[in-house]
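Visitor: Can you keep this structure in mind? I'll have questions shortly.
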Amino acid sequence: MQTKIWDLRGEVDSPNAKAAIEEIAEVYREGELVAIPTETVYGLGANAKDDAAVKKIYEAKGRPSDNPLIVHIYDEAQMDDFITEIPEKAQQLMDVFWPGPISFILPLKEGFLCKRVSGGLSSIAVRMPSHPVGRAILKAVRLPIAAPSANLSGRPSPTTFEHVNHDLNGKVAGIVNGDQSEEGLESTVLDCTQYPFRIARPGAITAEMIEQVIPGSIDTDSVLNTDKPIAPGMKYKHYSPDTPVAMLTNLNTAITSQNNWESTLFAVPATLRKYIPENAVYRELSVDETDLKNANHNLYQILHELDTDTNIEQGYIFKFDKTDESNAFLNRLEKATGNQIVGAERL
């Protein structure tokens with residue numbers, strides 16, 4: 001398959017951009033796949049009403065069919081067609097956080113979306129993204145778009161056009177180049193089918209941020225059943241590069257062992273750079289040990305480098321202390337490393 005590339009970096013309003021956006025919308029209407037930018041990660045989209053189109057998502061990604069998809073919309077009114085009801089407190093949160101990096105799991109009205117989108121569940125996750133290019137495309141197509149991350153299943157999620165192009169060129173009808181994703185991690189997924197609500201997948205919108213809007217609205221004690229996933233990222237291996245990678249702890253003194261570090265990548269905060277061997281590959285994960293915004297933004301870029309740079313044989317990524325703010329970062333890092341932890345004193 002020949003994959004068409006549309007370059008929409010930095011613009012949506014020019015005549016050329018508008019023509020490209022309408023062309024992309026038509027590709028969706030014809031039942032084909034297009035990867036588009038969002039503020040979280042790039043998504044691989046298809047018409048959520050078209051079973052054959054959605055099937056192509058699973059085939060292109062190599063994704064298990066019981067792993068549900070998130071439906072992306074431009075306007076809340078679109079949910080009238082496929083959601084039975086929106087709880088009042090969920091609506092309050094939508095009013096605050098949409099458009100933005102949070103998806104809401106809501107009760108599904110049968111008969112409008114194809115059954116494949118929900119993975120056979122009676123609920124569906126819905127998101128309204130804020131990325132200007134993604135929103136312009138969703139507005140033009142006037143359809144709900146099912147879109148998981150635009151990568152091969154199990155691999156690191158894509159935050160740049162280059163990541164998507166590496167994994168999916170030749171497998172999908174088109175890819176939109178829309179600059180690097182701002183957030184860098186997938187959306188928070190909030191299960192609103194019971195109350196208090198449950199976070200099914202952590203993301204940029206934290207439990208604390210939600211509790212600031214509606215105190216007592218998050219059930220922090222419940223354990224979600226990952227054998228029957230209600231949201232992406234719950235059951236299957238995710239985010240893993242081919243190169244071995246581990247979480248790095250106890251980095252409070254210099255690593256002085258005389259190993260051959262040239263083929264080892266260390267991704268740590270800039271304030272800890274002084275402890276890394278001079279001959280190792282260093283990547284700045286964040287400014288300091290509290291800077292989760294940059295850590296979230298940079299994590300997948302680092303995992304992709306580990307995946308593609310044949311000169312790197314081992315990676316170590318700094319493990320932040322567990323806090324409400326670090327939950328999303330640690331969730332992805334633990335899956336990418338298979339929970340492998342190495343103390344710096346052992347190197």
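For all residues, glycine too, the Cβ spot is worked out from N, Cα and C.
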Visitor: Could you look at Tyr239, Tyr275, Tyr282, Tyr316 and say which one TrEMBL places alongside Arg63, Asn67, Ser149, Ser157, Arg201 in the ATP site?
Guide: Tyr239
Visitor: Record says Thr40, His72, Arg127, Ala147 bind L-threonine. Source is TrEMBL. Which of Ser14, Ser187, Ser217, Ser240 does it list for that same site?
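Guide: Answer, per TrEMBL (L-threonine site with Thr40, His72, Arg127, Ala147), from Ser14, Ser187, Ser217, Ser240: Ser187.
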Visitor: Roughly how many Å separate the Cα of Thr40 (L-threonine binding site) from that of Ser149 (ATP binding site), to the nearest whole number?
Guide: 9
Visitor: Select the closest residue to Tyr239 (ATP binding site) from the following binding-site residues, measuring between CA atoms: His72, Arg127, Ala147, Ser187.
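Guide: Of the binding-site residues His72, Arg127, Ala147, Ser187, Ser187 has its Cα closest to that of Tyr239 (ATP binding site).
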Visitor: Arg63 (ATP binding site): which of the binding-site residues His72, Arg127, Ala147, Ser187 is the nearest Cα neighbour?
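Guide: Spatially nearest to Arg63 (ATP binding site) by Cα position is Ala147.
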Visitor: Residues near the L-threonine site, Thr40, His72, Arg127, Ala147, Ser187 excluded, by Cβ within 8 Å of the Cβ center?
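Guide: Checked against the 8 Å cutoff, the neighbours are Thr38, Gly43, Ile70, Pro101, Ser103, Pro129, Glu186.
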Visitor: Sorry to bug you, but what's the C-alpha spacing from Ser149 (ATP binding site) to His72 (L-threonine binding site), rounded to the closest Å?
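Guide: Their Cα atoms are separated by 12 Å.
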Visitor: Find the shortest Cα-Cα separation between Asn67 (ATP binding site) and the binding-site residues Arg127, Ala147, Ser187, and name the residue that gives it.
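Guide: Minimum Cα distance from Asn67 (ATP binding site) across Arg127, Ala147, Ser187 lands on Ala147.
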